Amino acid sequence: MRDDASGLYRLRDPRGLSDELPAFADRVKQSRCLFVPQAEISSIYKRGGKVRKVHNIVYMPDFDAVDRLNRKLAEVGNLVSDGRPILGLDARDLLGMVLDADPRGVLVPAHIWTPWFAVFGSKSGFDTLDDCFGDLTGEIFALETGLSSDPEMNWLWSHLDRFALISNSDAHSGDNLGREANLFEGEMSYDGIFRSLRGDAVDCRFLGTLEFFPEEGKYHLDGHRACNVVYEPRETVARGGLCPVCGKPLTVGVLHRVLELADRDTPEQVAGRQGFRSLIPLPEILGEILGVGAKSRKVADWTGRLVQRFGPELAILQDVSLDALRRYWEPLGEGIARMRRGEVLRQGGYDGEYGVVRVFTERERASLRGGGGSKAALPLLDLGGAASAPAVHDTPGRRNTGTKDAGAGGIISPAVAGADVATSAKASGGRAASASEAGGANASAETTTPHDTTAVRQTSADGGGEGPGLASLFISARPAEPPVDFNPEQRSAIAGGPGPVLVLAGPGTGKTRTLVGRVQRLVAEGVAARRIVAVTFTRRAATEMDERLSVTLGDGAPLPRTDTLHALAFEFWHRSSAQPPVLLSEEAARRVFAEANPDATAQTLREAWDELAVCRERMQVCSLALAPLLDRYVQQKAAWNLADYTDLLEFWLEQIHNGLYVPPWRHVLVDEIQDLSPLQLALVRALLPPGGEGFFGIGDPDQSIYGFRGAHGDVKGALDEAWPGLSVVTLRANYRSSASVLDAAGALMEGRSACGRLRAVRDLPADIRLFEAPSAESEAAWIGDRIRSLIGSTAHTLVDAAPEGALPGEGTFGPGDIAVLVRVRALIPVLQRTLSRLGVPVAAPETEAFWADQRVSLILAAAGRFVGIGSAVAGGPGDEVNCPDKMLARGPLGVAAYLRESPPFDELFWQSAAFKALSKAYDTHGGWVGLINWVNLQSELETVRRRSEKVQVMSLHAAKGLEFRAVFLPALEDGILPFAGAATLSGHADREHMRTDLEEERRLFYVGITRAAEGLYLSRASRRTLYGREVRLKASRFLDDVPVAGVKRSALVRHSKHSVKQLSLLGGGD
């Protein structure tokens, strides 16, 4: 393409245009075809507790801006999987990215009323634009009405008065270009077009739109296509929104949704807003006359003749004189005359099925078909009263109203027509009044189901109806949900004490809520917040706990301390030591261990480290063989003033036992109690009086999955032994999962569960499936297909083709409602590639960005000051490091040479993966300026990525504590779950070295199952490549314990390819 200096583009080679319209190839002129860079983007995300699916059209002024935007969007999702990119990106954030890419970029919400994929859609939209776009709503100035609505319908809602209403055609269909269009006059340019839509016309003026009759759109009325049921909005309300055939919710159409939000009883075109004209495509009119389909060869031939005779299709439909058309072909002239007057028969589309708008009655069409061929004249028209006639709604098997055509052979007349016949003066922009408004007698005729169109539009002459106004008909005040109370088990736990209390809380039983309730009760009884500490397993959990406590206790109220044991211990060590040690990450600690034992082999170091780590956490004496390695490690840390995470706890516990630290807390609340190691448990006990008063622990022994890190395994037994007066409460009411999911989980843990069988509180639908695939690739493809079904197809055509009732809740899942959980990270790449290829927004855990390392961020901050660019990851003013400019000018190696021994840097940092990544990125981006600009961009994009909705692919361990509406558990094979070890699967270990804790692996499977609320999808493959080796593993032994009842089983059978060898005519052999 090339720019013609107006900001619009022309094709360098226009031959592709001729291919789109082969019948008119000789009429396509390059000079008249202009283009603007445009894309439609599908956003699927969660806002306000509801999945939102919004399509937006994005326009950019040039291809440089397109490239800038695409680079950003590519960081969020896959742009090449589909013609319409699918992103788990909030529409507001998308608008922000468009404006950041170029201030002249424009975003227009697309087909704004379509049920599934629109800003106001009944299935997944919003009630106002502000709800969707927030602080950027002012940047929106135009809205696309879509096929199922026209401007007049939108004029019922004053909220839309300030927006230009535009209409677009299908860009992927040359034949359909222009069936909806925007009209401009003046000098055409990119800026001129959008200035005119803003109302700032200078050289270009917006004149309004050409429209479909909205009844012809696929979602105009309400209905249920699978049951052939279609209703007007009032009927839907009267029936509670349910299909009378199958009892499922009806698809609420565009007209219904418009009336829900409308605040006017009659359309009101505000001053300055342009009108519109409604047209029927010429091939559809010809199809009626000829009695064939609009896409037939016969219609195409006649369209070509008419264009040759009278000019373009739009001119024929709007401007060519009716006398000329009648002289050429009377049926054509009469049909177009009726269309121009708005005297048409309307059969509204619904639930993905196109409606039909006709200009002739069934009897007239029959007369045309038998009247002597293509030049047939109309029969004598009867202008008298109506008589019995076949129904307009003549789709076979369709349950609809029996709105009647006019009398036999009669022309459609407002005084006698049925409710679907309307007339209007479109030239003035007015909507057709329904027949009953003009006094029609047959408006309420019914057949299979009641269908009273007039009830929707019935108004008196002064605009006020006899009954309630249109808007008031659809205002349904939802009763406020009753406040959620604690159940008896939770209340018992909250009220327990003053002695130690242990709460065994099964998955989904409100563990965190109960813990917060305990804090709330203590504060209400007068316990000062500073006397309470809540211990969590991760910093993320601590942050979430703080947020919940802030909401519960009220803004400004003092909050208890909430943190991990390691963070509390680290803080104590820093306060109590004049020169606290540098804390080692696990990676760094392993390197120090290797540095201290240089003669040991890599395998010996790995095995020794793992064993020593567990021994220390379990407060056990290590073996004599390992003692020398541990001693050298301890000496090395002391020499370099280093400490690992276990050192933090050991030091703090020692100080408490020696009386050098007096705990300030009267109440110690511990979350995830089952994950504590004996060392951590001893520390918790040391923070409390000997009798355990003030202790409140909550967790689930059935989810104890960290034995490999030294977790106790029997916390209840240990606490019973320490505190004989321990009070134990069990929570069994599950608020997360369906009964079927809990049945599967309960069967897996039968006879082993500490909490016993859980009971489902919510009556949720359930879908449990087990799929057996021949390969890992086909397994991943099955997972991708299932996810696309759950998300609910991302385009209208896919929704329309979806099998009815394929999955419960289909179409209501957001990407963030779904997780794929794996036993080992090596399984993630195949899944991630497949989902991305299928256009599913997907996120997989990655190693932490190198600039997130605190010391790297200090170096970047110093470099930023040196080159005069602020770094997005820089620390505060007190965190600066001083490095001479001449050393910074030498790059990371110069910084390392100068700061090698300067705190907080140490010998190991300069060998770390973070510093190596910094050095590599410095070279890749050509120095500090390129590197810092790139890091700043990545930091900005990371903020967007975190907000975007994606399917999560993660390990089972990482998923603990999370919940999803649907969970996929692939690779359920012996050796993977239960896990035999990477060395065994790669063929580098003997079976005698396998050390699999089968019960912990079973609990890990239990954790995976109980993450699911509604959908649980289990799968396995006959073969897969893992750790560089193809493995063929049998089904996981744990699957034998999953109940067969209620599980839908399927398998993809690999077919053998049989070929027939063709023998040579002259030589029978090879």
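Each Cβ is built from the backbone N, Cα and C atoms, and glycine gets one as well.
TrEMBL entries are annotated by machine, without manual review.
Here is what TrEMBL says about this protein:
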REGION    389-408  region 'Disordered'
REGION    433-472  region 'Disordered'
COMPBIAS  450-461  compositional bias 'Polar residues'
DOMAIN    484-738  domain 'UvrD-like helicase ATP-binding'
BINDING   Ala505, Gly506, Pro507, Gly508, Thr509, Gly510, Lys511, Thr512  ATP binding site
DOMAIN    739-1014  domain 'UvrD-like helicase C-terminal'
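Thr512 (ATP binding site) counts 17 other C-beta atoms within 10 Å of its own C-beta, drawing on all protein chains shown.
Annotation for Pro507 (ATP binding site): spatial neighbours Asp700, Asp702, Gln703, Asn734, Arg736, Ser737, Ala745, Leu758, Val1007, Thr1010, Arg1011, criterion Cβ-Cβ under 8 Å with sequence separation of six or more. Residue density at Lys511 (ATP binding site): 22 other Cβ atoms are found within 10 A of its Cβ, drawing on all protein chains shown.
Within the same chain, the residues at least 6 positions away from Ala505 (ATP binding site) whose Cβ sits under 8 Å from its Cβ are Lys511, Thr514, Ile698, Gly699, Asp700, Thr730, Leu731, Cys755, listed in sequence order. Taking the centroid of the Cβ atoms of Ala505, Gly506, Pro507, Gly508, Thr509, Gly510, Lys511, Thr512 as the ATP site, the other same-chain residues with Cβ within 8 Å of it are Thr514, Asp700, Leu731, Asn734, Tyr735, Arg736. Residues near Gly506 (ATP binding site) in space but far in sequence (CB under 8 A, at least 6 apart, same chain), listed by position: Asp700, Asp702, Thr730, Leu731, Arg732, Asn734, Cys755, Gly756, Leu758, Thr1010. The number of other Cβ atoms within 10 Å of the Cβ belonging to Gly510 (ATP binding site), over all protein chains shown, comes to 23. Confidence over the domain 'UvrD-like helicase ATP-binding' (484-738), given as mean pLDDT on the 0 to 100 scale, stands at 91. Within the same chain, the residues at least 6 positions away from Thr509 (ATP binding site) whose Cβ sits under 8 Å from its Cβ are Glu489, Leu731, Arg732, Ala733, Asn734, Tyr735, Leu758, listed in sequence order. In the structure as shown, the Cβ atom of Gly508 (ATP binding site) sits within 10 Å of 24 other Cβ atoms.
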